[in-house]
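Q: Take this structure, written in structure tokens, and hold onto it; I'll ask about it next.
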Amino acid sequence: MATKQHQKDGTATMFWFMVAVVGLCTAEVNFIRDDLPFEFATRDEDSTCQQPKKVGNCKAAFPRVFFNSQTGQCENFIYGGCGGNDNNFETAEECENTCGRVRGKRAAIVKRSEETVDQDICTLEPDIGPCRAIFTKFYYDGESKTCKKFQYGGCGGNKNRFESEKDCMKKCQPLPMKKGEPLEATGCTCTVRNCGCCADLVVEKVGLNDTGCLNVTYDPDNLAVSILFSLDGKILVNQSLSVRNPPPVCFGVPFLHDYVSLCLKFYDMNYSVAKMSGCAKVQVKLYHVVSEEFDLGCFKLGPGKGQHGEEDPHRKYMLKDNKTWD
């Protein structure tokens, strides 16, 4: 009798043990605790925040924010209105609260009024960022005019950071023009001293339908370029820039919506002691995202024959070896 009772008790104990095991195996066990520091991200957060930006299939234009897992930042984009994925937030704060823990730090909010794209990246100091990995990168040193190695931490930092010395030099040190290079301009009307370039800017969805004109004057003594930009005859920009990698010049337009801005972007810039060439385009941005681009053309300034064969007989340009170009 005692033996049967013992077997019965043992069977009951085994039954409840199996129930407990099955319960543990089938229950959703969440090892992520709310009281842990913010550096630990939940699995759902990590999955959402690693998804790429996706504008969707529709053609609407809704300002949204996504987490860029490459830069560790919450960034703006234009959502088409349907499709897309979970990495799609109404506000930067919502993105930060969801994805700020993924890389072990609060995600930096890229504010619409503080775009780093408008900076001359080649003048920025090297920034290793807040993370502590070790990646060999290159930055441009303006003082020595060379590209140098530095150790990048893996997140954050700035855009004066390149994968190779070749990429760095290509971006930050334009090749000087050779003596005797032809000075014919393309897309612009030029004399020796300045060039004028115009283009029709038409973006119907924002009410833009005007002619934009850029006047460029080279100041070889200061290695600077003076620019004057007008839209439909109204002067909107009048300033001077360094001829070496001039940053984009962005500005609002009084008669357009607040979320619309224009940017003058210069590229393929080359210069010597007396000559300068380059190209320019106008970018139309909606919520700081490029919507349309219009080429203004390319220009060449300096001694010699311009587009219309005009020469400046009154000025000679001094070379570094104290010789002059006639």
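Every residue, even glycine, has its Cβ placed from backbone N, Cα and C.
Okay, these came from TrEMBL:
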| type | residues | note |
| --- | --- | --- |
| DOMAIN | 49-99 | domain 'BPTI/Kunitz inhibitor' |
| DOMAIN | 122-172 | domain 'BPTI/Kunitz inhibitor' |
| TRANSMEM | 12-32 | transmembrane segment |
Q: Tell me, roughly as an integer, the mean pLDDT over the domain 'BPTI/Kunitz inhibitor' (122-172).
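A: Averaged over the domain 'BPTI/Kunitz inhibitor' (122-172), per-residue pLDDT gives 85.
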Q: When secondary structure is assigned with DSSP, how many helix, strand and coil residues does the domain 'BPTI/Kunitz inhibitor' (49-99) contain?
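A: DSSP classes over the domain 'BPTI/Kunitz inhibitor' (49-99) add up to 9 helix, 15 strand, 27 coil.
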